[in-house]
Structure formats: structure tokens, C-alpha cells
Amino acid sequence: MAEPSAPESKHKSSLNSSPWSGLMALGNSRHGHHGPGTQSASSAAAPKPGPPAGLSGGLSQPAGWQSLLSFTILFLAWLAGFSSRLFAVIRFESIIHEFDPWFNYRSTHHLASHGFYEFLNWFDERAWYPLGRIVGGTVYPGLMITAGLIHWILNTLNITVHIRDVCVFLAPTFSGLTSISTFLLTRELWNQGAGLLAACFIAIVPGYISRSVAGSFDNEGIAIFALQFTYYLWVKSVKTGSVFWTMCCCLSYFYMVSAWGGYVFIINLIPLHVFVLLLMQRYSKRVYIAYSTFYIVGLILSMQIPFVGFQPIRTSEHMAAAGVFALLQAYAFLQYLRDRLTKQEFQTLFFLGVSLAAGAVFLSVIYLTYTGYIAPWSGRFYSLWDTGYAKIHIPIIASVSEHQPTTWVSFFFDLHILVCTFPAGLWFCIKNINDERVFVALYAISAVYFAGVMVRLMLTLTPVVCMLSAIAFSNVFEHYLGDDMKRENPPVEDSSDEDDKRNPGNLYDKAGKVRKHVTEQEKPEEGLGPNIKSIVTMLMLMLLMMFAVHCTWVTSNAYSSPSVVLASYNHDGTRNILDDFREAYFWLRQNTDEHARVMSWWDYGYQIAGMANRTTLVDNNTWNNSHIALVGKAMSSNETAAYKIMRSLDVDYVLVIFGGVIGYSGDDINKFLWMVRIAEGEHPKDIREGDYFTQQGEFRVDKAGSPTLLNCLMYKMSYYRFGEMQLDFRTPPGFDRTRNAEIGNKDIKFKHLEEAFTSEHWLVRIYKVKAPDNRETLGHKPRVTNIVPKQKYLSKKTTKRKRGYVKNKLVFKKGKKTSKKTV
């Protein structure tokens, strides 16, 4: 099959000749349409003096000004993105946010303090007691290595910076690199102007800022840069067929694998791109060289990450890439045979080869899956195809808020006007299709599906939405701002008609030709009126202004609040800081034994280990479902049953989060049903979810609530002494502001626990587990008497009406005294 040339459509040519491509789209210096080398035939004959040397000479050329302006716009986009992510640092302080970043910070601190080798072999004894955790083989180390390397470089240059500050500002710094990689990718797909718009969009869009604010030291902060840069290098590889660009793509993919588990998206999207190109009969040597090199080298590099290991050749998530690689080799071999066999021989060999290959692949996959060599889809990936699978079979996956389906409001909240313009950009790419635009179309369609299934994957949709929206805005500006420039600067070409061009020998009578009258159909298209252009341009600029305002507002109010520090605002605008979390963790650090074991729900494990430096039973790694279910069973059981579990796990303290006083909705009572469901999955005989609902199927904490709920350990620890508290005169004592109900069990007493600490706003409550008594008290039966059987003994001290009797009491008789007279 002939190799298709890169399609340059008529539409693309018009884009490259517009002034929007030069300034507001700045895109055509790389195509050479307006470069200094384009000269007419007459001007080329006469030599012209060369341009002046130096900086002024470079800037006198159009390409020089375009490069300077492009650099300035990218720098301003980086600066705007970095600045908009600093709200949390300005309002609060330089602090690590959320839950997972605390483990990442703790690991990075260990790496910076003890070195890379010690980090790889680190056994964390403060996690998952009594099991522990081997950290080096269970994490993606790219984030820690990046922060540690930056910290080492700064200290080598005698710039003293604490590792915490490096971790806090790492994600805002990488947001600028993400803008640059998005610019490069969009420029390859369309033109430079669309790339600049895409860089500005992704710098401030809330969908990306949500995971890259200052303090959000998580894998996604650097992974989106690696994702976009890998895609850029892949598109470059497909366009050029160069092994150099493919090797660069493999190195970027290796960094992506080391940084985030979302690398699976890359290793499935790139094979899908190659497969669709084969279906569209767009096979070429460029595609063969790019994918063959990428798959082999990328496979070997990805297996160097300890946490990944042999997964690329033994898990179902990676089998599509292997299948496309085999298909591509077979396709290339058939192309080779097609040039060397007759048509009849090729058809016979083709059908025979396809049948044998399909049967061999089918049987091999069945055999390897049946024998267990190829692992099935993991629960988290399987839930992407069956959205109800996790809630039924693996409730711990469904309990994470990031794994819930995305609402329609979230799309507008995180993307704003880009949601509306993104389909237009996709249509432009499909209308003027080529190899790289097939890739971005597949990227967009797959990202939309995954973002609709899981809230967390909105992060992978945001970059492609910014790219395609930039293409849409770029086309609008080209059409409405470039119309006058096209008419003022018509292309330099001969005015003769096509017949004159075909027959240059007849040009001697050209001057005597009579021009035909131009009909209505032959008249050149008139430009748009100034009113229409002004209205459309102002409308587009207003939309962009509204987008910028929305992004700033969302970043400031929704995504710049650290979860470990809460804030509330009074009617006069003053702010109240609720620092209960750090207060409680600091109390644990200062007032408990260094080796004390703290039991809490898994959400707070990383924070307890990071801030309190105490041993936890479970944490956010969630690798051992049975261990988490055991903690959930203890929280869901009554005090006596829970005490046995806590004693078996050597628990010293129990920590719960309670938001009934301040109205905090993320407390443990609202998470309690997930504890019950996870515990029921492992202990169905002891824990049943239906026991915690009323007969009407309601989950209530008031008097109408289930007796099982009102007497479980979580309920008692949350509401202990709360029934005595009256928050205001309008509500009764024990009124829960979060659930808007008066609690049903106010007389709560503990036998095996005692309150150790309650934070200022009752947000964090810590209980100490009592040691077992040396001698257990025995329950005595009531004493009985011989007079009245089975009657309780009553002493004189308790009543004056009834006398007690002494058993076997001696009876004395009064004797007679003898008189003297008788004697």
C-alpha cells in the first residue's frame, strides 16, 4: 500500500496564511509561509543586502518577533498558573494538603535524609500494624525522586530550602511545564496560535488546578506534564518516523510510569491509535518504526520500576498493546509479501495466514488466562467498564469519593465554557483529518467516557478539552480577524487565467485579450462587515474574560483549602480558623508513648503517621482489604465485641472524627455505612448492613434509629457527653448540626474505654483503651434465708420493720432464782 502523504487541506492552507496565525495564532513561521526566504521571482534575481546582525537584526525579522511574542505568552501563562495556585499558602501557610500527600511527603523526607538506596529498601513499621509495609516496592517513586533531586540541586548551590517547601511548591512549578508541553502538542496538531491558547487555558483551568495547587504533593501534579509530553513526542514520532523522537517518547513514558499509575492510559491509547490507522488504511513506515520502537523500548523501561515489575507482560491492562504490536508485524509482513507474490498467491496465503494467526492468538490468550499467567482486570480497572461492579463486590473502591460517577455540574464547574467549544474543535480536527488528528480524536472520545465514569479521571479529560477548545477559538479568530488582512495582502501571483498558465507559448497575444465580464458566481467572496466582526470578536473576548474570572473564583474558593485546616467566615467577613486536626495530632505526638498504636478509619492513616508519628493499623494504601474490614467490624460492633478485637490488635488509642458540633459533613458517622459494608464483605455472619437501618430503611441517629446503631462503638465514641451539650437556645441538648437531628442515645457510658482528648471544636476525639483488670469481679447470687425461700436478705441497717435471723442460733431459757425462805 502506498504511504499516504501528510494531508495538507485547503482549510489548513487558509489557516497558515491568516494574520491570526502570525500574531494571535502566531503559527506560520514554522511552515515557512511568511519567512524571510519567501521572495518573488523578480526580487530573487536582484541581490539584496543581508539583515543587520545582532539582536536588533533578529527582531527585525517577522519570525524573530513571533518567537519573542510566543516566549512572552508562554512565560506569562506559566506565571499566571503558578500564582493562581498560591491561595492556600497566602491564606494559611506552607503546609501539605489532603491525605495521600502526607505519605508522599514523609517518603520524600526519608529519601532526602537517608538516600535513594535506603528509600528503596525502607520497611515502614509505623503502617499496617502488625504487618508493616515495604515502601520501596509498593510506590511509584517518580514524585519523591523529582522532589528529592530538586532539593539536592538547590542545596548543592547553597540555596538552603527545607524539603517541605520543595514539596509544597512542586506542583505549581510543574503546571508551567504542563502548559509548555500542551503548547507543543497543540502546535503539532494544528498551529502555533492554537498552541498558545491551549497553554493559557490549561494554566488556569480548574480541572487541572484541583490536583496541582500549592501543598497538593500528589502524583498527578507531575504526571499530567509527563502525559502531555509523552503524547507530544509520540505525535512527533508518527509524523517524522524518526527513531530519535521515538526514543525520547520512550524516556518520557518511563518517567510517566515512575510517577503515576495512570500510565495505563498511555499504553492503551497509543496502540488504539495504531490500530485505527490500520483500519483507515493509513499504514506507513513511519507508523511501523514509531510503534515497534516504542513498544519494545517502553516495555523494557517500564519493567525497571519495582512496583510495576512484570505487569506489562502478565496483566490484562497491557495485553492490547501486545496484540497491536503482533498485528502490526503481521501487517508489515503481508505488505512485504504483496510486492513479491501474484494476486492469487497472495489471497490464498493471506486467508490461510489470518486464520492460523487468529486461532493461535485466541487459543494462547485462553490458555494463559486459564493457567493464571495473565492476571485478570483489577477491580479498579474493571469498575471503569462496569460502574456497579465495585459497589457490589469491592465496596472499599466505591467508598472513595474520587471513584464516584461524575455529575453534569462537575463538567461545567471544572471546565466552564470549554465544555461548549470543545466539540467544535473536535469537529475541525475530524473535518481535516490526518494521522496525528486521528490520535487527538481518539484521545478526546476515550477521555470523555472515562471522565464520565469516575470523577478522578476528569484530570485526564482537561488537557484534551483545552487543546480542542483552543483550536475552536483559534479558527474563530482567524476567520473574523484575518478577513481584512487577506484582502489587503492578496497572494502574489500572475493575473492571467488558467489557459495562459497551461499554454505559455501563446503569451504573445496576451495584451490583446478581451477580459470576460465577471458573473455573480465568479466574483470574489466579499469580506464580512465590520459590525459582524466586531460583535463576534467582542463576544469571544467576553467569554474568555468570564472563563478567567470563573477559574480564579473556583480556585480561590473550592480548591485552595487544605483539609487539615478548616476555616469559617462570620457575618462581618472575619475568618475563624479551625485547627482541630493538627491540635489532635500534636497531642498524640506529645502525650502518648512513641510506640503507641492508634486505630482509626483508613482515611486518616497517612496523616497520623505523618503529623503524629504514631503507628497505625490501616491507612490510605488500602492494600489489605481484610485488615480494613477488621477495623470496620470493631467500629460497627458493640463495646464488648469491639474490645476483644482491639485487644487482639494491641490497640492503645482510638481516634474518630465527629462533626456534629460545627456541622462538618465529612465525619465518621457519614462514612459509617461504608465501614459496615466493608466489614460485612469479610464477616457476613457478624455484621449485616440491614441491622443499622430502621424498619422503613432509614439511617437515623435519633430515637427512631436502629438499636444496633445506637449501641455500636462508633456511635458511642462520637456522641459521648454530647447529650449534655446545648449548642444554642433554639435546639435541645444533643442536637447534631450535621444530620439535623437530636441524638437518640444520650446516656452513654464506657466500660473498656475512657476519653483521652477532645479537640476545641469537638472535631477530633481520642479514646484510650483500658488494660484488662487483674481480677475480674464475679457476680454473686442474692442471699436467701430459711424463713422465706428465694427472698433477698434484708439487714437491720436497711429496714426497721423486718428483722434478720441467724442460722443455728442458741436458744436461752430464763431460769428461776431460788429464794432463801425455801432453803
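Glycine is treated like the rest: Cβ placed from N, Cα and C.
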Same Mn(2+) site as D218, E220 according to Swiss-Prot: which of D100, D124, D339? D100
From N158, N613, the one Swiss-Prot labels N-linked glycosylation site: N613
In Swiss-Prot, is L481 on the same membrane side as S284? yes
Is it true that the transmembrane segment (319-338) and the transmembrane segment (263-279) have 3 or more CB pairs under 8 Å, sequence gap of 6 or more? yes
Close approaches to the transmembrane segment (243-257) from elsewhere in its chain (Cβ under 8 angstroms; 6 or more beyond its ends): 140, 142, 223, 226-227, 229-230, 233-234, 236-237, 263, 266-267, 289-290, 293-294, 297-298, 301-302, 304-305, 308
Mean pLDDT, the topological domain 'Lumenal' (454-457)? 88
Remote residues contacting the motif 'DK motif' (668-675) - C-beta distance under 8 A, at least 6 residues beyond either end: 395-396, 398-399, 601, 603, 631-632, 635-636, 656-660, 689, 692, 699, 701, 714-715, 718, 738-739
